[in-house]
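Here is what Swiss-Prot records for this protein:
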{"type": "BINDING", "residues": "22, 23, 24, 25, 26, 27, 28, 29", "note": "ATP binding site"}
């Protein structure tokens, strides 16, 4: 690829790339979009690359303390940057665009620690290497500036959701990644948003353990089981984080295989079959979302869903039942559900270059709006 060169003038119709690998660790998503003031983003290319098995295993391991983890984290960050660079190459080839046409890449990295209450969040990333490999300016490290201002550093996508999905009525946007998070859109008010609890992170973990498959396709395995009401209430009652008021955020630091195993071990009912646990976890995700929405925005009229979980028809059916509102993918509003989060990081890169604050205090609890990100020139 050709280097992108020196400073650019802020002009309408700039091209940005957004890259995202989420808590579920199923792969890296990339999107090439044209962003122009007053216009809907124009998607020029998309790419979804699977996460190499060895890298996925190492990233999972790095969510917990272990031997020589600083060295291992540095190597994993470099390997991840090479996956991202492959995604960039695929996008440019698909769109038949040179690297010089792209203003910047916005890349999230891979969260391995998120402890805003201790003043830090850590995303494994090698943005300098990504800039070197692609020849394109890279904007990264979007969360730490908000955390430095006393915020949660998450979720980051509500201002993008507000720009894309605002309606004349109260609406919610639900991102179903590894963790579920809600954006609440009320006409005439800044967006609010917060994490509601686990989504794919527990569903995928349990499915992989018992079926060998990376995820429960359309909730088919869950459909063979029965929701265990007593186990569901045990899961809901046994986690203090769920009762915390917003702003709040979470991740694999809390909701992981160890969390689930501990709850199953402390459950005093009959041992449930694996498929019954899967059905119960699916209902658990839907209930935590519904309970959070009812507490924070009971006048919400409809819910748009994005993220990997938007493809799970079984989970969407559970959500519709628990939410008692219309639930549909963001595709219905013109933005493909699979690419919303990657698009958000392209949008956040643009906001950084324009020095537009993208941190929303009503979402994160920060002391004020902040410009998010750091620049790594090509």
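All residue numbers here begin at 1 and follow the chain in the order shown.
Including glycine, each Cβ sits where the backbone N, Cα and C put it.
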Q) So, in DSSP terms, is residue 29 (ATP binding site) helix, strand, or coil? A) strand
Q | The one of 25, 28 whose CB sees the fewest other CB atoms within 10 Å, among these binding-site residues | A | 25
Q: Within the same chain, and leaving aside 22, 23, 24, 25, 26, 27, 28, 29, name every residue whose CB is within 8 angstroms of the centroid of the CB atoms belonging to the recorded ATP site, in sequence order.
A: 20, 21, 51, 177, 178, 308
Q: Indicate the candidate from 22, 27 with the smallest number of other Cβ atoms within 10 Å of its Cβ, considering only these binding-site residues.
A: 27
Q) Just how many other Cβ atoms lie inside 10 Å of the Cβ on residue 23 (ATP binding site)? A) 22
Q) Among 26, 29, all listed as binding-site residues, which has the most CB atoms within 10 Å of its CB? A) 29
Q: Identify, in sequence order, the residues in the chain of residue 24 (ATP binding site) that are 6 or more apart from it along the sequence and have a CB within less than 8 Å of its CB; answer 'none' if there are none.
A: 177, 178, 200, 201, 204, 215, 308
